[in-house]
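Below is one structure; the comments refer to it alone.
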Amino acid sequence: LQILGNVSEFQRVVNVLQEGVDFDIDVNASVFETNIRVVGGLLSAHLLSKKAGVEVEVGWPCSGPLLRMAEEAARKLLPAFQTPTGMPYGTVNLLHGVNPGETPVTCTAGIGTFIVEFATLSHLTGDPVFEDVARKALKALWKNRSDIGLVGNHIDVLTAKWVAQDAGIGAGVDSYFEYLVKGAILLQDKELMSMFLEYNKAIKNYTKFDDWYLWVQMYKGTVSMPVFQSLEAYWPGLQSLIGDVDNAMRTFLNYYTVWKQFGGLPEFYNIPQGYTVDKREGYPLRPELIESAMYLYRATRDPTLLELGRDAVESIEKISKVDCGFATIKDLRDHRLDNRMESFFLAETVKYLYLLFDPDNFIHNDGSVFDVVLTPYGECVLNAGGYIFNTEAHPIDPAALHCCRKRKEEQWEVEDLMREFYSLKKNKKFTLKRAADHGEGESAKDPEDAPSEKGGETRNSKKSSHSLLSCPSQSFNSKLAVLGQVFLDNN
């Protein structure tokens, strides 16, 4: 709602949420869906609330009712991760935990799609348990990949035995790969990115044929299903995030030909036959191809991507619009409709279309404008761009993850030493203080430290918006290695 500019409705929804939501209910909930929709939605709303004009409490973004609600919802999911492998069950009872008879078989995406939301929650609340369980689940999948570097579709979370051994980039696997890349970008994590790049090599070696991606047997690499699934259309967008734009565009154009053939993407498309698959002819207004178009357009400005957006708008308006909304297309061959509208149509499809055609939206900010907020842990830069969308298209501001971290004593001292070194180059006496103790008055001692009225100028090596976003705070040992010359020069 904030992205679409509907501030009053955003405020109304926040007010309703602040009245209280009870998660202590005897309901079996999908761990995956609850995370991406409820936890992700609450975190995104929390981080966007001030920009939407909502009055925030003291200490925001490190505190707030929506953040507390997200934490409460996430804690309800933690019992699912209490398995010998660290991989979560697919379902958990919000009141009683995992049911005794719960199946231990979970799809790969249901195991590997937590790091964006859970790491954000850990960084904002200071409780590492969420990021820890998400990382453990990711590493368990990595550990159990096949000898040729592929993962299957479903696995037993108690024994780590693969139950479904089809390997591909689509349904049941998709957001695992998505979160390795987005988690790596959000956290500036080389390990997560190296995992994805290794998977990417295996995927190219065994599943890619003429810029299509098929399904193969995870241990042998032999083709098991020569089909394209509409869920796979996120892949070109993911390729663009790692800079593989040429391959992304070629694959995107393949998928676009299917769209033009039917006016939408069927759930399954038989590549050799060039037609739909029996009982998989529907199009529930999924967002993945439009999502890829938005990412690729930001990277290339290729007008072909706007043409896809235009075709999507015209197709959806012509084929699926009804009096009370937009209906799922039951069969793309004759455009029969079903009596339902999926939540992702509003959460993702319409949002990505809007952002594709709105180049000046704040989501696309390149870091030239930002806000500086005061938190209990010092000053913090927000709203500088680089937003990471979770798999339900809820945007997360990556800069917010640096706002609420309680750093070790020596980290405070080294950062103060760096600041003193660069602002008082000739002064040999360095006063070591906590950054949280530096108020606005101390920041104003050096004219170079003062922000511009628009908030777009670089302040110094620590407070530059570019530094915070592109070079996030490194570990203590890394700082000594990178900046060790300072100590050598000054004994």
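Quick reminder: no glycine exception, Cβ is built from N, Cα and C everywhere.
Taken from TrEMBL, the feature active site, proton donor covers Glu33, Glu267. Positions annotated as active site by TrEMBL: Asp174, Glu288. Taken from TrEMBL, the feature Ca(2+) binding site covers Thr391. The annotation compositional bias 'Basic and acidic residues' is assigned in TrEMBL to 435-460. What TrEMBL lists as region 'Disordered' is 435-472.
Rounded to the nearest whole angstrom, the C-alpha distance between Glu267 (active site, proton donor) and Glu288 (active site) is 12. Around Thr391 (Ca(2+) binding site), the C-beta neighbours below 8 angstroms that are at least 6 residues distant in the chain are Ile36, Gly40, Thr113, Val116, Ser175, Glu178, Tyr179.
Each of the active-site residues Glu33, Asp174, Glu267 was assessed for Cβ neighbours inside 10 Å, and the highest tally belongs to Asp174. Cβ contacts within 10 Å of Glu288 (active site), excluding its own Cβ and spanning all protein chains shown: 24.
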